[in-house]
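What follows is a set of notes on a single structure, which appears directly below.
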Amino acid sequence: MSCQQHSLKTWNTFSLEACANKISMAESAEALCQFWQQSTDQNEPVLLLGEGSNVLFLDDFSGQVIINRIKSIRVSETTDAWSLHVGAGENWHQLVETSLEQGLSGLENLALIPGCAGSAPIQNIGAYGVELDRVCEYVDIVSLADGVQQRLTAAQCQFGYRDSIFKYQYRDGYAIIAVGLRLAKIWQPVLSYGDLRNLDPLTVTPREVFNAVCQMRRSKLPDPKMTGNAGSFFKNPLVSAEVAAKLQAEYPHIPQYPQINGDVNVKLAAGWLIDQCDLKGFHIGGAAVHAQQALVLINANEATGQDIVNLARSVRQRVAEKFNVWLEPEVRFIAAQGETDAVEVIA
Ligand code: FAD
Ligand code: EPU
C-alpha cells in the first residue's frame, strides 16, 4: 500500500508528514485485540494512538496504527461522590465540558488538554495545580495477546509527575480501554496556580475556574489546528535542593516549585530556562521554539521529524551549557518500528 493512502498527518498534532502501512479504528476492546493479532501474525509493529497530541514521528511507521475510539460515559453516584466510567476513546476536553454542564465539578483545571480520556493516565496529565491522579479511581486495561481485562487501582497505576506504570510495565502489549473517575460532591476549588490565584475562593464557581483556565491556555499555547505542536516538549526538570539553592543564588528570579509528599527535590520551569537562553523564535529547518511559550516546539513551516529533533537537541544543549541542567522530552518519540528512547535520540 502506498504511503499517501495512510497519511498520519491528521493523526499527530505536530502535523508532520508521516505515514503508516495501515490505520485502523477500534471501537471495542475486542477490535483492539483483533487488529493487534493481525499485525502480530504478519510480524509488523503496532502503535496505539488516541489523538496523537503527545507523539513525534521520526519516520514513517512500518506497521499498523490503531486509533482507540472506545466510547461511552456512564455516571453513577454515592452520597458523597459522582463516579464516571469513561471509554478510553472519549475526547478529554469534551468530557470536562459535559461533566461541568451536568453539574459535576472537579475536572475544570484540566480543561482544554488535547487527547483522549484513555491517554490521560499514561502521563498523569496535569495543569493549573491539578493532576489526573486527584480524581482517578481506576484504569481498565486489556492484554492484547489474550483479551484478558484487568482493573488497576489508582495506587497500582503508580502516578507521578508526567509518569505512571503505563510507561513501563504496561507499555507494550496492553491497551487502556476505560478510566474511572471519582468527583467529590463537595467541590474544593484548586486556585493555587497562575491567574487562578486572583479568583475569590469563597464565591468562585467551577465554570469560572474552567473559563479562567481556558483563557490562560489560549493566551499562551498555540492551537494545534493552526500551528503544529505537542504541548510542552520537555518535562519540567526535578533537581536536588542543593542544586536548586545554587541556581537561586545565581538567578534570584528563577521559578522553583518545592515538591510535596516528602520529595526533597525541587521542580524548575523548563520554559523559563529555555527563555533565559534567548531561544524564543529560534528555528532549525521548519521547526521553531514558540514565541510565547518557550517550552513548546512548533512545526512552523513544513517541519520534518528530524527538524524537531535537531531543534530539541540544540535547545537541550544550550540549557545545559547555561544551567548545567539536562532536559528530558515529555513527548513520546516514534520510530519506524515503534517507540524509541527520546533522550538517546537527542543526546
Ligand atoms: P497520543 O499522543 O495519541 O498517545 C500518547 C502515548 O500514549 C503514545 O505512546 C501512545 O502509543 C499511547 N497510547 C495512546 N492511547 C493508548 C491506549 N488506549 N492504551 C495504551 N497506550 C496508548 N499534557 C498535560 O499533561 N498537560 C497539559 O496541560 C497539556 N497541554 C497540551 C497542550 C497542547 C496544545 C498539546 C498539543 C498537548 C498538551 N499536552 C498536555 C499533552 C497531551 O495532550 C497529553 O499527553 C494527552 O494525554 C495525550 O493524549 P492523546 O490521546 O493525544 O495521546
Ligand atoms: N516561563 C517563562 N518563559 C516561557 C515559558 C514559561 O519565563 O517562555 C515561566 C513562566 O513565567 C512561569 C514558569 O516559567 O513562571 C512556568 O510556566 P507556565 O505556567 O506556562 O507552565 P509550564 O511549566 O511551562 C506546565 C506544564 C503544562 C501545563 C502548565 C500549566 C509541564 C512540562 N508543562 O507548563 O503542560 O499546561 O504547566 O499548569 O509540566 C504539557 O504537558 O504539554 C503542558 C502544556
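Sequential numbering from 1, following the chain as shown.
The backbone N, Cα and C atoms fix where each Cβ goes, and this holds for glycine too.
Among the features that TrEMBL reports, active site is placed at R162, E330. The active site, proton donor annotation in TrEMBL covers S232. Here TrEMBL flags 16-186 as domain 'FAD-binding PCMH-type'.
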- prompt: If you draw a 10 Å sphere around the Cβ of E330 (active site), how many other Cβ atoms fall inside it, taking every protein chain shown into account?
  reply: 18
Rounded distance in angstrom between the Cα atoms of S232 (active site, proton donor) and E330 (active site): 7
Field: Per DSSP, three-state class assigned to the residue listed as 'active site, proton donor'
entry: strand
Query: Taking just the CA atoms, what is the gap between E330 (active site) and R162 (active site) in Å?
result: 8
Field: Other CB atoms, at most 10 A from the CB of R162 (active site)
entry: 18
Task: Could you tell me which three-state DSSP class R162 (active site) falls into?
output: coil
